[in-house]
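Chemist: Below: one structure in structure tokens.
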Amino acid sequence: MGLQPLEFSDCYLDSPWFRERIRAHEAELERTNKFIKELIKDGKNLIAATKTLSAAQRKFAHSLRDFKFEFIGDAETDDERCIDASLREFSNFLKNLEEQREIMALSVTETLIKPLEKFRKEQLGAVKEEKKKFDKETERNYSLIDKHLNLSAKKKDSHLQEADIQVEQNRQHFYELSLEYVCKLQEIQERKKFEFVEPMLSFFQGMFTFYHQGHELAKDFNHYKMELQINIQNTRNRFEGTRSEVEELMNKIRQNPKDHKRASQFTAEGYLYVQEKRPPPFGSSWVKHYCMYRKAAKKFTMIPFEHRSGGKLGDGEVFFLKECIRRHTDSIDRRFCFDVEAADRPGISLTMQAFSEEERKQWLEVLGGKEALFPSFNRAIIPRPEGSAQLDKMGFTILRKCIRAVETRGINDQGLYRVVGVSSKVQRLLSMLMDVKTCNEVDLENSVDWEVKTITSALKQYLRSLPEPLMTYELHGDFIVPAKSGSPESRVNAIHFLVHKLPEKNKEMLDILVKHLTNVSNHSKQNLMTVANLGVVFGPTLMRPQEETVAAIMDLKFQNIVVEILIENHEKIFRTPPDATLPEPGPLSAPPNAPPRQSKRQGQRTKRPVAVYNLCLELEDGDRPSLPKEDTPPSSLDSLSSPSPTTATALGHPGPDRNHLLTDGGSFGDWAPTAPSQARSSAVQWLNPQSPTTPSCSPAVTPPSPKLPPVPLSLPATVADKPPESIISRKARAVYPCEAEHSSELSFEIGAIFEDVQTSREPGWLEGTLNGKRGLIPQNYVKLL
């Protein structure tokens, strides 16, 4: 039951029950006062917590904005760029959200805290003052009555009458005060219902506004969120394929590390301990150096390096070798030692220690010592035998039979081309298809003997068994270029142009296959094979680099993008000629007039080695790989859906002349740098047809160059590795800005002054020092002083 009403007539009776009702009203107001006081305190704490949360959110957003993903390789996919930008988008979202939260926090003070404080002080405070007056007047009234009633009846009448009048006046005043107090009590009880709740409504309205703004921000963000989810899924799919390829390459190198040494400008390189002699009585010390030797020039370079000291490079030392002599164990108390004598330091020899006897023999062979008995570090590239799959009439028949069967029987099968068949069945089907006698007998469209997954796996295996990928080794790097940069339209234009540069048979088969893949993607709601999924499956199948490296595997994602572009633009690319009004793509090279680097020369091409899943009908028994048994589970055949790329024609330069993988035996000493082959066409001009060409060391647009005549693989030592004859030591000033694209080159702005400028063995390049760092400078970018 609620509070009983206070009747004004009861003010004159002032009964005990009236007083009880007043005390109940007073207690309720006191409880209300304490509640409002506590609520104000909690509200201020809420504001403080909101500000703390907002500061933490802003700090979190700031951290997101400042972080940037690094990537492996020289470019990112569109998906990766969107993922990189997502952190900034998240940061902006939080920033906008916190701006709304700040507005809400300010409104809490104005709409809740201040009105409640005003109500508590002005209204409840006024009642407290009225209560004090009422209590004081009550005490005074009844004290006066007690005193008046104690007057003796023997007093004079005039005195008694005066006392009666005074008491009556006091009682009237008490009644007036009592009436006002009762009125005030009931007024406050009613007023608090809106004076207190109205600020609460305003407070919640502010909260509703904040949450509505958050909802609107989330609604605006939803489209980006959906796109980002697709980007993440595409990147995850590519990662799964890339990881399996990296692990496969790692296992190959783990099993035969010597068969996978990478080509280098140096005939030999590795760690050696070098004896540093000191004056008596200090003896000598052995310091680890990374040594590099070029046999043709007899140039020996050694750089001190200690892994435990933070990996800092010391000052390098260069000399020209005169002779190398093996140290006998009775002449030194260390094993695996040999002496080298420098031609430019008469009478001075250095004692070096290899890590093992085998390494010492290898160094002695390369350096011209007496124990040249074992194979050296480097290995020549020997092509391995290929499978019997060919791009001929039989190949087109196989392709068309498989495609007809897939489109007739399994166009809606989930995971089409991703689900792999049993290896033995796939090999048997492909063998029958490639045999002229049995090919016509194979009925793929009606026979239940061949599952759809077996047919799709056979189709992919045929394409991977070709001596050269369908999109050719020669154009592999050119197809990768537009996938790494430019707008979507410019990418399509560049790939459109490059497809029409393919050999006619390659283009015809690619047309048939891509048309089929377009049909498959049109049924993606049923088979779940979107364009992105088909790109993951067929990217490594249609495009393979020549060398099997981690850099090549990192380019898998760009191969997938090229295949996606082919599928999405099949009609335009294969049914129309390239736009003649657009400039022909030029080679991806250094800027106009910039000298080429020897370290950027391409090595001689070799055929792709046969992988374990390639068709091996013509291999000798001793070389025949073992095939999985009939009951091999599909999970063991994942390589059928994600074939291993065997190379990468890398566009970046991770190290000097280290972009070629050596796979077979040969003499390291006989190896020499190769001359540049025909300049590769690229799609740079397609990507930025309007951009001006500014001098830069970075790749830029140049006019298409004529084909260069082939140059023999091995160059004479006098040409390839001749030490510099004319050495200058002058200053030079930069006349163009340059951005280095390799760690051995210098970046600089116009007007930079170089010290100690000398000629370099790299034709068209100089060596100089800028700000304490020494490196290569394009000769036509500077003016000698």
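Backbone N, Cα and C define each Cβ position, glycine as well.
In case it helps, Swiss-Prot gives these features for our protein:
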type	residues	note
COMPBIAS	584-595	compositional bias 'Pro residues'
COMPBIAS	598-608	compositional bias 'Basic residues'
COMPBIAS	622-632	compositional bias 'Basic and acidic residues'
COMPBIAS	633-650	compositional bias 'Low complexity'
COMPBIAS	675-697	compositional bias 'Polar residues'
DOMAIN	7-262	domain 'BAR'
DOMAIN	265-372	domain 'PH'
DOMAIN	389-574	domain 'Rho-GAP'
DOMAIN	727-785	domain 'SH3'
REGION	576-708	region 'Disordered'
SITE	Arg418	site 'Arginine finger'
Chemist: CB neighbours of Arg418 (site 'Arginine finger') within 10 A?
Modeler: 20
Chemist: Return the average pLDDT for the domain 'Rho-GAP' (389-574) as a whole number.
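Modeler: That region's mean pLDDT is 89.
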Chemist: In the domain 'PH' (265-372), how many residues does DSSP assign to helix, to strand and to coil?
Modeler: 17 helix, 50 strand, 41 coil
